[in-house]
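Scroll down for the structure; my scribbles are underneath it.
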Amino acid sequence: MSRKQLALFEPTLVVQALKEAVKKLNPQAQWRNPVMFIVWIGSLLTTCISIAMASGAMPGNALFSAAISGWLWVTVLFANFAEALAEGRSKAQANSLKGVKKTAFARKLREPKYGAAADKVPADQLRKGDIVLVEAGDIIPCDGEVIEGGASVDESAITGESAPVIRESGGDFASVTGGTRILSDWLVIECSVNPGETFLDRMIAMVEGAQRRKTPNEIALTILLIALTIVFLLATATLWPFSAWGGNAVSVTVLVALLVCLIPTTIGGLLSAIGVAGMSRMLGANVIATSGRAVEAAGDVDVLLLDKTGTITLGNRQASEFIPAQGVDEKTLADAAQLASLADETPEGRSIVILAKQRFNLRERDVQSLHATFVPFTAQSRMSGINIDNRMIRKGSVDAIRRHIEANGGHFPADVDQKVDQVARQGATPLVVVEGSRVLGVIALKDIVKGGIKERFAQLRKMGIKTVMITGDNRLTAAAIAAEAGVDDFLAEATPEAKLALIRQYQAEGRLVAMTGDGTNDAPALAQADVAVAMNSGTQAAKEAGNMVDLDSNPTKLIEVVHIGKQMLMTRGSLTTFSIANDVAKYFAIIPAAFAATYPQLNALNIMRLHSPDSAILSAVIFNALIIVFLIPLALKGVSYKPLTASAMLRRNLWIYGLGGLLVPFIGIKVIDLLLTVCGLV
């Protein structure tokens, strides 16, 4: 579920951004953007020249110089406005999160158990390791782990999802977030962070982006822009002595206008806005990124590790068939399977009970009335079952049942091995049922591959991204599902160690890897991955290890995260191409206007047939300022993204933004020149 989207030009945000744009005119703020700092210096210089001309201290056209100066200041203001608007949108999103934080009191327990004596303390004084009790109606005062109890929790303030979730001690659902509300029952929580370090605090800080650090690609692009600016600065500086030597020295105002039009002011003015907007778009997808670096890395990813359950398949495996062992009838197998599943509350367990009822009219029986003992599933045993009337019935994975039989002196039958392989080859998961040391047969659990997922993987393959399915299933089942889903590779019988080793293997090959995870056992792999999306419903360890948190806890979101990252990189590249390309038109406008008096041959370059030198220079400066405003929506929304190969994407963007960057300024400058002439302003 995504949060409510802000309008691109929300009136209140625009007003606030205009105020911030004026505040950013101070030198300290401008220094952070070297390209726009040069424009700021040029604005200041031409303003001083205009005042000097108006007072008679300097010869020259004071009105023309003032017009150039005014539009240079407008250029700086527009660049400031773009950045301030992007930051304002992020801060508006952060303000909605700040509303979640409430000054409250917490019941700090003196001992780590329910019913212990408690002291009432302000929530902001809780420290890591403190134990608190929260009951129905209470706001959870800190991030932490549930050490006792279970409760229904409303996390809508954080995730935007109205459906409550269950949080309980033990397992992967013990993590709670400060600012969420208990709806029923009670929890004893151990705080896992100190004040100011909660997940909500970090979310607000990341979204506001007040101290946003530049990403590596941003730094590299900034260095390129600085280099271009220095080259054009030196080139412009050498033109004055050439014109003076020709007997008609060009004014400093014209040289400043030439410099500002030649340096890449368009991308220089929009670069920060693109980065902030990328983070904001990620939040729009209900994903919190720890930094712009994480969003950027998502755009460079070329390997996706995807969990099978919930990402590739629907995740609700259902019993589809009872396959009895040799000498066992199907009803006997179904009866034993149903008994072993009576107290199994998993979707798989309930589906076994229902299938036995549908096939053989075996009515569901109550475990307590049977005076039976239920044996729950554990990660160590990997099986569950029931002890009833001296009968010991178990169901579980093939390996687990094989070990169980051999430990009891039995032998795993060869015909059942064949049936297990048959089920696995069909893409189903085999569960083996055993009574004592006698194997009764196999239950086939069928999961459904999500509709359209194969086409999405084909698109990712076009983009050069390799998809790898991660599953705990055996190799035969994994291979069948991988073929059906259309993934490039798979890791079967996956363990945390195997995931970590696979990530390191791909990284050693120079690839960037993205993955999702929610459990403590996923933390090492999440920490190793280049893009690690932790589920908000997961453990604290997983969230701390990842560099993104999906508030919807939807593993499929990883594909959308990659799309957003690629869109940000494409937006930056496209606007850089446009910015550099449109310098060509400005060159044809200003060079003839500035130097035709000294070198008449340069009139041949006036292909736009602009009205006069003054109108040509002023038109180019006005266009240079206005194009920043026209491109703000593109910088904030991102360029149109289509899953294409790298070469096809490059060709497409060169045609649209390269050719567009060449043609648009010719049209724009000519139109502005005509308007200035018609209005008698030049």
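Counting starts with 1 at the first residue shown.
Yeah, the Cβs are placed from backbone N, Cα and C, and that goes for glycine too.
Listed in Swiss-Prot for this protein:
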TRANSMEM  34-54  transmembrane segment
TRANSMEM  62-82  transmembrane segment
TRANSMEM  219-239  transmembrane segment
TRANSMEM  254-274  transmembrane segment
ACT_SITE  Asp307  active site, 4-aspartylphosphate intermediate
BINDING   Asp344, Glu348, Phe377, Thr378, Ala379, Gln380, Ser381, Arg382, Met383, Ser384, Lys395  ATP binding site
BINDING   Asp518, Asp522  Mg(2+) binding site
TRANSMEM  588-608  transmembrane segment
TRANSMEM  616-636  transmembrane segment
TRANSMEM  656-676  transmembrane segment
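Distribution of Swiss-Prot features across the structure.
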residue: Asp307; record: active site, 4-aspartylphosphate intermediate; contacts (Cβ under 8 Å, 6+ apart): Met469, Ile470, Thr471, Thr516, Pro555
residue: Asp344; record: ATP binding site; contacts (Cβ under 8 Å, 6+ apart): Arg350, Ile352, Val353, Phe377, Ser384
residue: Ser381; record: ATP binding site; contacts (Cβ under 8 Å, 6+ apart): Gly396, Ala400
residue: Met383; record: ATP binding site; contacts (Cβ under 8 Å, 6+ apart): Val375, Phe377, Arg394, Lys395, Gly396, Ser397, Ala400, Ile401, His404
residue: Asp522; record: Mg(2+) binding site; contacts (Cβ under 8 Å, 6+ apart): Pro496, Lys499, Ala534, Gly538, Ala542, Ala545
Per DSSP, three-state class assigned to Asp518 (Mg(2+) binding site):
coil
Using a threshold of three or more Cβ pairs below 8 Å, and leaving out pairs closer than 6 in sequence, do the transmembrane segment (588-608) and the transmembrane segment (656-676) count as in contact?
yes
By a simple count, how many Cβ atoms lie within 10 Å of the Cβ of Phe377 (ATP binding site), its own Cβ left out?
17
Could you name the stretch, out of 34-54, 62-82, 219-239, 254-274, 588-608, with the greatest number of CB pairs under 8 A to the transmembrane segment (616-636)?
62-82
Most Cβ pairs under 8 Å with the transmembrane segment (254-274), selected from 34-54, 62-82, 219-239, 588-608:
219-239
Helix, strand or coil: which one is Asp307 (active site, 4-aspartylphosphate intermediate) in, per DSSP?
strand
For the transmembrane segment (34-54), give me same-chain residues lying six or more residues beyond its boundaries with a C-beta closer than 8 angstroms to one of its C-beta atoms, as numbers and ranges.
25, 27, 60-62, 65-66, 68-69, 72-73, 75-76, 79-80, 222, 225-226, 229, 233, 252-253, 256-257, 259-260, 263-265, 268-269
Including all protein chains displayed, how many Cβ atoms other than that of Asp518 (Mg(2+) binding site) lie within 10 Å of its Cβ?
25
Using DSSP and collapsing to three states, where does Met383 (ATP binding site) fall: helix, strand or coil?
strand
Including all protein chains shown, what's the count of other C-beta atoms within 10 A of the C-beta of Lys395 (ATP binding site)?
27
Secondary structure of Lys395 (ATP binding site) (DSSP, helix/strand/coil):
strand
